[in-house]
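This report concerns only the one structure given below.
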Amino acid sequence: MEEADRILIHSLRQAGTAVPPDVQTLRAFTTELVVEAVVRCLRVINPAVGSGLSPLLPLAMSARFRLAMSLAQACMDLGYPLELGYQNFLYPSEPDLRDLLLFLAERLPTDASEDADQPAGDSAILLRAIGSQIRDQLALPWVPPHLRTPKLQHLQGSALQKPFHASRLVVPELSSRGEPREFQASPLLLPVPTQVPQPVGRVASLLEHHALQLCQQTGRDRPGDEDWVHRTSRLPPQEDTRAQRQRLQKQLTEHLRQSWGLLGAPIQARDLGELLQAWGAGAKTGAPKGSRFTHSEKFTFHLEPQAQATQVSDVPATSRRPEQVTWAAQEQELESLREQLEGVNRSIEEVEADMKTLGVSFVQAESECRHSKLSTAEREQALRLKSRAVELLPDGTANLAKLQLVVENSAQRVIHLAGQWEKHRVPLLAEYRHLRKLQDCRELESSRRLAEIQELHQSVRAAAEEARRKEEVYKQLMSELETLPRDVSRLAYTQRILEIVGNIRKQKEEITKILSDTKELQKEINSLSGKLDRTFAVTDELVFKDAKKDDAVRKAYKYLAALHENCSQLIQTIEDTGTIMREVRDLEEQIETELGKKTLSNLEKIREDYRALRQENAGLLGRVREA
């Protein structure tokens with residue numbers, strides 16, 4: 001057992017347990033060393049469970065009992081077959097400790113128990129855990145973010161990205177320079193924000209449309225590209241998008257190259273009113289007569305023709321001004337445009353408030369109109385009834401008799417219809433009950449089959465999950481096998497195992513030989529006992545016949561009887577001696593077993609722990625009294 005203990009201690013050292021060099025057997029293990037060995041093994045086997053356990057034995061007795069119970073529960077969760085409690089850790093015995101450590105050593109991973117080149121300790125465990133995580137991530141194939149499952153998103157990560165979804169925008173185009181843009185659009189054309197229902201796609205659609213307009217403008221400015229827009233508009237949507245993208249890439253490169261030149265003449269600012277009209281062209285385009293808001297907008301933002309001519313004539317002069325004057329003019333123009341935009345926004349807010357007020361008034365008027373129509377219809381119905389009654393008043397008696405006759409006919413007709421309905425209702429009710437019963441049976445059968453199908457689906461899912469888990473374990477084991485060094489020599493362990501097996505075989509042969517010799521000896525004893533009994537019986541019979549005639553024969557008979565009695569006592573004494581020797585050997589084995597369990601030392605430890613526990617309780621009671 002010492003050789004087995006040394007192999008087990010070597011495995012514990014590989015798992016990270018700091019076993020002193022002078023400890024060669026499990027009999028020398030202390031309580032602190034037992035707790036540390038079990039915790040280190042649990043951390044290697046299941047880091048999630050072992051990370052919450054401390055390898056150091058606490059000083060307080062209550063904390064010791066809690067730690068021992070936690071270790072026992074963790075080992076039982078791993079599948080330890082024998083009974084386990086706190087006493088197995090605080091007061092360990094050699095056989096129980098050997099069984100427990102062998103159980104844990106068998107469940108140690110391969111790299112923790114056989115790879116002797118790896119360092120031991122917490123850092124080694126951390127490095128091995130990091131390596132296993134990296135191997136798992138490298139073993140998984142790369143998947144695009146939109147196709148990742150939640151597990152892959154957890155492993156590989158997935159940022160919250162929004163795809164670029166652009167929609168085709170329909171805006172009015174200028175067919176002639178002199179005609180305003182709002183009169184060229186269709187009355188049914190919606191505003192640009194309304195054409196894109198998703199808020200996420202509005203910015204993308206505007207960017208794409210702006211880039212397309214820029215590319216079209218650049219294409220118009222270049223000679224030979226005037227019909228490019230008409231050519232792309234006649235293409236299918238996919239080819240149109242592809243052609244626009246290629247055209248855009250070429251034109252943007254040239255546009256950016258030209259934009260980084262020297263600052264030239266500032267581009268003439270577009271009329272803000274025209275810009276707002278182009279933005280909201282779909283709202284009111286078919287009105288031949290402008291509203292008050294339109295007139296105020298034109299009055300506020302429309303430039304005078306003379307000012308426009310002056311601005312156009314001043315463009316060459318402005319281009320010759322210094323750069324600072326140009327920037328100042330641009331800033332001033334930008335400030336004026338901002339002020340105009342704020343005024344327009346305020347006007348829009350006022351108009352929206354008026355529209356909301358008018359909308360509320362319109363809803364109230366509609367509700368009042370509906371109520372008036374309902375009350376009018378009710379009054380008309382009552383008026384018709386009263387007018388009919390007034391018409392019947394001149395000949396009241398005859399009309400009353402006619403009405404009575406009509407009522408009686410109606411009652412008879414109702415009774416007749418009730419009888420007919422009863423005739424039809426009885427078979428229909430019976431058929432309904434029959435069909436309801438069949439429906440209930442079908443529902444029960446359907447529910448039963450549905451339950452069977454659900455159970456079958458669950459079993460299929462469980463089998464698929466189990467197969468997937470086993471496949472992952474197989475791949476992990478194969479990857480670990482590939483990473484293991486090929487030059488690991490197990491010759492010493494194999495040779496030692498073969499020697500142990502040979503010794504066991506020799507011991508078995510010796511035990512078999514001893515058992516066979518014992519059986520032969522038992523047979524010989526039995527045969528000699530039977531032969532002795534038969535010889536004594538014959539001799540007793542012969543001597544007893546002659547004992548009546550001769551005194552010497554009588555004395556010989558007495559001596560024979562005494563000899564037989566003494567031999568019987570001697571045999572009984574020998575048997576008792578053998579029984580006692582067997583009991584002595586059993587007691588010696590029990591003594592060795594009890595000595596191996598360290599009963600006396602455990603009792604002494606229990607007494608010390610009991611005294612420490614009483615001291616702790618006394619201290620706690622003193623604190624309670626003081627509080």
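Placement of Cβ uses the backbone N, Cα and C atoms for every residue, glycine included.
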According to Swiss-Prot, phosphoserine sits on which of Ser62, Ser70, Ser410?
Ser410
Count of other CB atoms lying within 10 Å of the CB belonging to Ser410 (phosphoserine)
10
In DSSP terms, helix, strand or coil for Ser410 (phosphoserine)?
helix
Model confidence over the region 'Sufficicient and required for interaction with CCDC93' (1-447), averaged pLDDT:
74
